[in-house]
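Contents: one structure, followed by commentary.
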Ligand SMILES: C[S@@+](CC[C@H](N)C(=O)[O-])C[C@H]1O[C@@H](n2cnc3c(N)ncnc32)[C@H](O)[C@@H]1O
């Protein structure tokens, strides 16, 4: 078997009866031009092991290998896909390893030696959970060199949102604190089989060598959750849930009590996290 012998993806899906399951977030990409574009958005592949979550019938997997990935480790929990993926393994000897497992229960950091990129058309039902897990990796910088991921456009907008925009919230702070996050391109729903209800977007996240400003990750998570818990209230009200002297906390962070969460920069959230940490341990 060579790559040229691999059957078209539509035939693969029919032959292996891979009817998409909604419960597994299955929306397959069958256009190899599009999967090639996603693979190229990840950056250089030749020196990297690529971890792919949810290869399904293998459209993106094929593109990653065709674009020169040194090795692909693909984690898929739907056993029905394994035979189709075995054909790709045969076409690219020694370069594709398929792991039959739930990505949420897999220690991905332990999978690869050497430089790693993560590339995936994620199952939408667990996309945010996976992203947050990767962003909360300790220690920082993380064990992977980049994340290139397909999300629903609305989630992508929340990842790249700037202060003052309606999508700005916990996800933007967490993502942009530790990575440079940018949208690569939108993908029309018609590109998927079956089509999802909404447009999708590919987002590329490049870990910063050090976070944008110093803060304890847990303290940052706490102040961000409190502030956005009541996003339209002034922080002198929303931060009360932290159980500290709120005016003193805001003053120590150098902020105005009348500010609202959606207008605070990531650096300002970090200042709040540092003040929170200092007051809590005082
Ligand atoms: C949106 S589809 C993408 C399929 C394929 N990569 C493509 O682009 O055509 C998501 C894939 O993730 C798989 N999946 C869903 N939940 C998973 C989990 N917890 N662990 C691993 N794979 C999962 C699904 O079975 C499906 O193949």
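Cβ coordinates are placed from backbone N, Cα and C, and glycine is handled just like the others.
Site annotation (TrEMBL): S-adenosyl-L-methionine is bound by 27, 29, 76, 102, 121, and the candidate from 54, 58, 164, 169 recorded at this site is 54. For the recorded site, residue 76 (S-adenosyl-L-methionine binding site), the DSSP three-state label reads strand.
Listed binding-site residues: 76, 102. The one with the lowest count of other Cβ atoms within 10 Å of its Cβ is 102. In the predicted structure, the domain 'Ribosomal RNA adenine methylase transferase N-terminal' (34-209) carries a mean pLDDT of 97. The most crowded of the binding-site residues listed here (27, 121) is 121, judged by how many other CB atoms sit within 10 Å of its own CB.
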